[in-house]
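Trainee: Below: one structure in C-alpha cells.
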Amino acid sequence: MPFAFIYDILRISLLLVTFPSLRSCSVMNVFQDAVCTLNTLQTNASALEQVKRERGHPQLQLQAMRGFLQRAGLKVEELDRLNIIHVTGTKGKGSTCAFTEQILRNYGFRTGFYSSPHLVQVRERIRINGQPIGKELFTKYFWQVYRRLEETKEAHGGSMPAYFRFLTILAFNVFLQEKVDLAVIEVGIGGAYDCTNIIRRPWVCGISSLGIDHTSILGDTIEKIAWQKGGIFKLGVPAFTVKQPVGPMKVLQERAEEIGCSLSVCPDLEEYESEGSLSLGLAGHHQRRNASLALQLSHTWLQRHFLTGVPGKSEHLANAAFMYIQYIYTHTVYDIFTGLAETEWPGRNQTLKHGPVTYFLDGAHTTRSMLACVRWFNEVTPQHERNAGGSVVRVLLFNATGERDCAAMLKLLVPCHFDFAVFCPNITEAIATCNADQQNFNVSVENMLTRCLDNQQSWRVLNGQEEKPEAELLIGGGLPLVAERHSDTLVFPCILSALQWISQGRDSVLSNPNKCIIPLKPSINAKAAPLREAVSIHVLITGSLHLVGGSLKHLDPALNS
C-alpha cells in the first residue's frame, strides 16, 4: 500500500479525533473553562502578528510585556517586592530552580516558583511552597487578570498577550497577592528579551549549563546564545554560573562587566563534601552542577535577606551579620543538604516501576542533554536488569519538536541497544475529550506526523536498515491509526496507544478499564511476543518534555489531581 495513502489516512483520522473544539469545554468545570480560554492565546491572531513584528526588533518584546503588565493592574516596580532569584541556561535551569526553592523552603520561607513547560497540568508552572496552586486559586487569579486585559484590549488595537506572556503576568500577580517571601523565576527562552526579564531588581541571578537550542531566536552559535543568556544580569546584582566552555564563558564575563555586576563560577560540588558525600533528590551526574549553582543562589539570597534595610552604621551591620550567622547555624548546614536530598522534579531522570515494566523518563531535547540522559540510563539500568533475574526487553519511546536535530539525538541513543523503537506525537490520547492542559494549537497534525515518520526513518538508517518497505496498516477493524515499516520500529497516533502496545497489558495502571484500548491486527500483536515473554520491560521515554508529560499523565494518576 503506498506510503502517501497511509499518511493521508493517519492525518485525517488524527484531525478527526485529536483536537476537541473549545465549545466542548463548556460542559467542564470553571477551571477547565479557564484553561480552555488560556489556550485561545496560543493562536490569537493579533498575538501572532505581534510576534512577527517584534522578531526583528526584540527590544519591543520587553516594551510590550511592560504594557501588558500595566493593563493587568500591576507595576514593574511592584515586582521588586518578590525578592526574585532569576535563573536561565540551556540545560538544568529548571532543576537548579527546584533545588534552590527546596533549600529556601526548608529554611521556613514561603516560596513562589515559576517554571515551564508544565508536564500534566498548567497549574504546575505556578507553585507556592513547592506545590502547584490549586484549581480554585488558579481560576480566581486567571479571570482576575484575563478580564483586566480583555477590558482594555480595544484601546490597544485588540491585542492580548500570548500564552507564555499571560502565564508570566499571572504568576507575578499570584505571588504578589499570596505574599510569598521570595520567587524563583525560570526564564522561558534566552534571557535578554524573554518576557520574565522585565524584572528590574532580582536579588541574585544564575546561569546553568549552556548549549545549542532555539537557534532561530537566540543565534546559531553558543557564543550568541551566551550573550542572550547574560541579558538577565542587572547592575549591582550578584550572578553565578557553572563551568562553561571558554567561548561562552568569555561572553558572559564581558556581559557582566558591561552591565556592571559580579560574576562568579560555582565550585564543584565535591568542595562541599568535606563531611561525606551529598545525596541529591534528582538522579544523574549532571545534577551535581545544578546543585552547586543552587547552593550559591540560596546562600546569596539568605545573606541579602538579613542585610536588607540595615542602616550603614557598623554596629547595625555587625548585628545583622550576627543574626545571619545565628540563623544559618540554628537551621544548620543539615537543612541545606536535606533540601538537596528532598528535591523532586518530575520528568527529569525519573524512574517509575510498575510491576514488570520500568519506565525511565527524561525530557532531554538537545544533543548535550541527550548525552546526559544516555549516561544516566546506562548508569541505572544495569542494576534493574540484575534485579529482574531474567530476560529484559529494552524499548525506546521518542519524539522531538520544533527545530531540534532529531537525527543527532537518535544517534546518541543507538548504543543503548533497544529491541524496539516506538515513535508518537505529543498527543496524550486519540479520543475527543477536553484534555485542555495539554493541547497545543501551534503545531499542525501534519507536522507532528511527518516528524514521527521522519524520526522512524532516521532510526532505521542509523541501524543500517535503509530500505523502505511499503507501510502496513496495524489497526484491524477500525481506523488505521498506526503505520509500521519494520518489525522493530513503529509509529503510533498518540502516547496512550504507544504505551499500551509497549506494556502489553502488564502495567496495571494502563490496564485501567476507563482507558480506551485501540485494537491491533493479530500480526502486530504477534510482533510484540518478546514484550509478553520477557521477565521485565525497560522503557526509556525521552526527546521532549511534552512527551514525558503526556506519558506521566497516564503513568502517574496522582499528577492529575
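Glycine is treated like the rest: Cβ placed from N, Cα and C.
TrEMBL annotations: computationally assigned, not manually curated.
Sharing the record's features from TrEMBL:
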BINDING   Ser116, Glu186, His214  Mg(2+) binding site
BINDING   Arg348, Asp362  ATP binding site
SIGNAL    1-24  signal peptide
Trainee: Given Asp362 (ATP binding site) and Ser116 (Mg(2+) binding site), what distance in Å do their CA atoms have, once rounded to a whole number?
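Mentor: Asp362 (ATP binding site) and Ser116 (Mg(2+) binding site) have their Cα atoms 15 Å apart.
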Trainee: Going by C-alpha positions, which of the binding-site residues (Ser116, Glu186, His214) is nearest Arg348 (ATP binding site)?
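Mentor: When the Cα distances are compared, Ser116 comes out closest.
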Trainee: Specify all same-chain residues, apart from the site residues Ser116, Glu186, His214, whose Cβ lies within 8 angstroms of the center of the Cβ atoms of the Mg(2+) site, ordered by sequence.
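Mentor: For the Mg(2+) site, the extra neighbours are Lys93, Gly94, Ser115, Pro117, Val187, Gly188, Ile189, Asp194.
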Trainee: Quick check on the binding-site residues His214, Arg348: which one has the highest count of other Cβ atoms within 10 Å of its Cβ?
Mentor: Arg348
Trainee: As a test of the contact definition, list every same-chain residue at least 6 positions from Ser116 (Mg(2+) binding site) whose Cβ is closer than 8 Å to its Cβ.
Mentor: Arg125, Phe164, Leu167, Glu186, Gly188
Trainee: Using all protein chains in view, find how many other C-beta atoms are within 10 Å of the C-beta of Glu186 (Mg(2+) binding site).
Mentor: 24
Trainee: Inside 10 Å of the Cβ of Asp362 (ATP binding site), count up the other Cβ atoms and send me the figure.
Mentor: 25
